[in-house]
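This report concerns only the one structure given below.
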Amino acid sequence: MSDHYAVVGNPIAHSKSPQIHTRFAAEVGADLHYHRLWAPEDHFAPVAEAFFAGGGHGLNVTVPFKGAAYTFADTLSDRARAAGAVNTLRAEPDGRHFGDNTDGIGLLRDLQTNHGIDLAGRRLLLLGAGGAARGVLHDLLGEDPRTVVIANRTVDRAEALAGNDHRIRACGFDVLAGERFEVVINTTAAGLQGEMPPLPDDLLAPGATAYDLVYADEDTPFMAWARARGAVTVCDGLGMLVEQAAESFYQWRGTYPQTAPVIEALRIGA
C-alpha cells in the first residue's frame, strides 16, 4: 500500500507539488501517493487531523495555512520556530506531529548549489517584511552576510521582523538611494500583480545577484528591472520551490532526491 502525502492550501489547484514529489518518488523508487488537498480558510486543523487520522504520513502546507500549521504541530524545528510558520508536517510514531519550515534552506540551496552564490561577506537586501521574508531570514543570517537590510513600505513591519538582532537594519524603500547591494532578494508578491517595489536605479553593486521568490514563465517586473541594471545573476523562485520540496521529502523519507532534473523538467513544462 502506498504511503500517503498531500499539499494543503486555499487555493490549491495551481500547486506544482504533486508533480515535484511524484518525480522524486520515481527517482528514488518510493511507493507513495501525493495529492492536492483544499481546506476552508478557517478549518485547517480539522482537515489536517482527518488527513493524519486516515493514515497520512506527511503534509506540505502553503498559503494561507503556514501559521495554522505552526499552531497545529506538537514539536517544531528551530527554523520553524524562528519563522513562526510551518510548511512541512510529519506524522511521528507516537501520534504527534513534527513541524518544519523548509523555505529558507530551499532558497539557500538554490542560490548556492544551482547558481553558485555564496552569501558570506555579502551585502544583502531583503525586499518585504511579510511571511515570506520571515520564512527565509533565519537561514540567510546563518550564512554570515556582511550586511542585512530589510526594506518595506511599512517600516514598522520591517522593524518588527528585525527585532533586536544587531545584524539587521530595517528601513523604508525611500531611504535606499546611494546604497549598493550584492544580493537583492524580493520576497514581496508584487510580481504577481505585474508590479515591483519602488527602488533606486543604482541599487545593484557590480556583479549583483537578484532573486525573486515568485516564479513565472517570464521575467517578473523585478527580474526585468534587475537585468536592465546589470545584474549578473537573475533568478526566479522555481528552484527554491523544488529545493524546499526536496528537504520536505527528506524529512519524510530519509532520502534526499536529486533536484536539477526536476527543475529542468518544470522549466520546459514537461
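Here the Cβ of each residue, glycine as well, is placed from N, Cα and C on the backbone.
Taken straight from Swiss-Prot:
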ACT_SITE  Lys66  active site, proton acceptor
BINDING   Ser15, Lys16, Ser17, Thr62, Asn87, Asp103, Tyr215  shikimate binding site
BINDING   Asp78, Gly128, Ala129, Gly130, Gly131, Ala132, Asn152, Arg153, Thr154, Val155, Asp156, Arg157, Leu213, Gly237  NADP(+) binding site
Cα-Cα separation of Lys16 (shikimate binding site) and Leu213 (NADP(+) binding site), in Å?
15
Same chain, not part of Ser15, Lys16, Ser17, Thr62, Asn87, Asp103, Tyr215: whose C-beta falls within 8 angstroms of the C-beta centre of the shikimate site? Give them in sequence order.
Val7, Asn60, Leu241, Gln244, Ala245
Between Lys16, Lys66, which of the recorded positions has the fewest other CB atoms within 10 angstroms in the structure shown?
Lys16
Can you give me the Cα-Cα distance between Ser15 (shikimate binding site) and Asp156 (NADP(+) binding site) in Å, rounded to a whole number?
32
Counting Cβ neighbours within 10 Å across all chains shown, tell me which of the binding-site residues Ser15, Thr154 comes out on top.
Ser15
Which residue among the binding-site residues Asn87, Asn152 has the fewest other Cβ atoms within 10 Å of its Cβ, if you could check?
Asn152
Which residue, of the binding-site residues Asp78, Asp103, Gly131, has its CB surrounded by the fewest other CB atoms within 10 A?
Asp78
How big is the gap, in Å, between the Cα of Gly131 (NADP(+) binding site) and that of Tyr215 (shikimate binding site), rounded to a whole number?
17
Length of the line joining the Cα atoms of Asp156 (NADP(+) binding site) and the residue listed as 'active site, proton acceptor', in Å:
22
